[in-house]
C-alpha cells in the first residue's frame with residue numbers, strides 16, 4: 001500500500017505487481033471464478049435452509065430472498081449498516097456454535113479425551129483434512145483490507161489477524177472435539193455427517209444447527225457481495241489492458257463502493273446470476289464447493305502467497321538496499337509453506 005501509493009490493494013493487484021501483468025490477469029480470472037463459485041454455494045445453501053423451514057415456498061424465491069436483502073443493503077445503505085448486519089450475524093453464529101458445543105459436551109464429555117487414543121495419526125488420514133482446514137480458516141486474501149482498516153502499522157495488522165483468527169480456530173477445534181466425543185460415546189461410526197450425528201443424540205439441537213449454518217453462509221455471502229463487484233471490474237480491466245493496452249474501463253468503476261449507479265448495477269448482477277444457477281441446478285452447492293476447494297487450496301491459498309511474498313521481498317531489498325524483515329523465519333518459512341502447498345496439490 002505504501003509502495004504503490006494507494007489506500008487499498010487487492011490480491012490480484014499484488015499478483016500483478018510481483019508476477020507480472022500476464023500472470024496477474026490469469027490469477028484474476030481464477031480468483032474471480034473462485035469467488036463466484038463460493039457465492040453460488042452461499043446462495044444455494046441459504047436457499048436450501050429457507051426451503052427446509054418453509055417447504056411451500058418456491059425454490060427460486062427461497063434462493064432469492066436473502067440475496068435481495070443483501071443487495072438492497074449493500075447498494076442503497078451506508079457501509080455502517082452492512083457492517084452492523086454482518087456483526088449481528090456473527091453474534092448469531094457464535095451463540096449457535098456455543099449452543100452446539102454445550103449440547104455435544106453434555107453428551108460426549110466422558111469420551112472426548114479417550115477418542116484421541118484411538119484416532120488415526122497416519123499421514124494418509126491427516127493430509128486430506130489439511131485442505132479443508134485451510135479453506136475453513138484461510139483469510140489472507142482479505143489482509144489488504146485489514147491493513148486499510150488498522151492503518152499503516154504492521155504490528156496492529158498482525159495483532160488483528162492473530163486475535164481475529166483465534167476465534168474461528170477455537171470454534172473449529174471445539175466442534176471437532178465434540179464430534180469426536182459423540183462418535184466414540186454413541187458408537188455411531190457409520191455416520192459420515194457430523195450434523196446428523198449430533199441430531200441423532202439430541203434432536204433439540206436443530207435450531208442451533210440451522211442458526212449456525214444460516215449465519216455462516218450469510219456472513220460469507222455479504223462478504224463476497226461486497227468485494228466481488230470490484231474484483232470483477234478489476235479482472236475485466238486487466239484482461240482488456242492485455243488485449244488492448246490503449247483502452248480500458250478504468251472510469252467505469254472508480255471506487256470499491258457499491259453506491260452509485262454502476263456499482264449498484266454490478267452488485268445486483270453478481271447476485272442475480274447465482275440465484276438463477278442455484279434455482280435450476282440442484283447440485284450447485286456441492287459442485288461449487290468442489291470447484292472452490294481445488295483452486296483455493298492448491299493454487300490461490302497455497303502456492304501463490306509464498307511465491308508472491310518471496311518476489312516482493314526480493315524487489316524491496318533491491319530497491320531500498322535494506323529493510324526491516326517483518327516475516328518470522330524469512331525465506332525459510334516461505335519455502336516450507338510452498339513445499340507443503342505443492343505436496344498437497346500433488347496429493348489431491
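Glycine residues also receive a Cβ, built from the backbone N, Cα and C atoms like all the rest.
If you check TrEMBL, you get these features:
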- 12-31: transmembrane segment (TRANSMEM)
- 36-54: transmembrane segment (TRANSMEM)
- 60-79: transmembrane segment (TRANSMEM)
- 88-106: transmembrane segment (TRANSMEM)
- 126-147: transmembrane segment (TRANSMEM)
- 159-184: transmembrane segment (TRANSMEM)
- 204-226: transmembrane segment (TRANSMEM)
- 265-285: transmembrane segment (TRANSMEM)
- 291-314: transmembrane segment (TRANSMEM)
- 326-347: transmembrane segment (TRANSMEM)
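Using the rule of three or more Cβ pairs under 8 Å, pairs at least 6 apart in sequence, the transmembrane segment (265-285) is not in contact with the transmembrane segment (88-106). With a cut-off of 8 Å between Cβ atoms, the residues of this chain six or more beyond the transmembrane segment (204-226) that come close are 35, 38-39, 42-43, 45-46, 49, 52-53, 66-67, 70-71, 73-74, 82, 85-86, 89-90, 92-93, 95-97, 99-100, 103, 142, 195, 198, 258, 267, 270-271.
Away from its own ends, the transmembrane segment (88-106) comes close to residues 112, 167, 171, 174-175, 178-179, 181-182, 198, 202, 204-205, 208-209, 211-212, 214-216, 218-219, 222 of its chain (Cβ-Cβ under 8 Å, at least six residues beyond either end).
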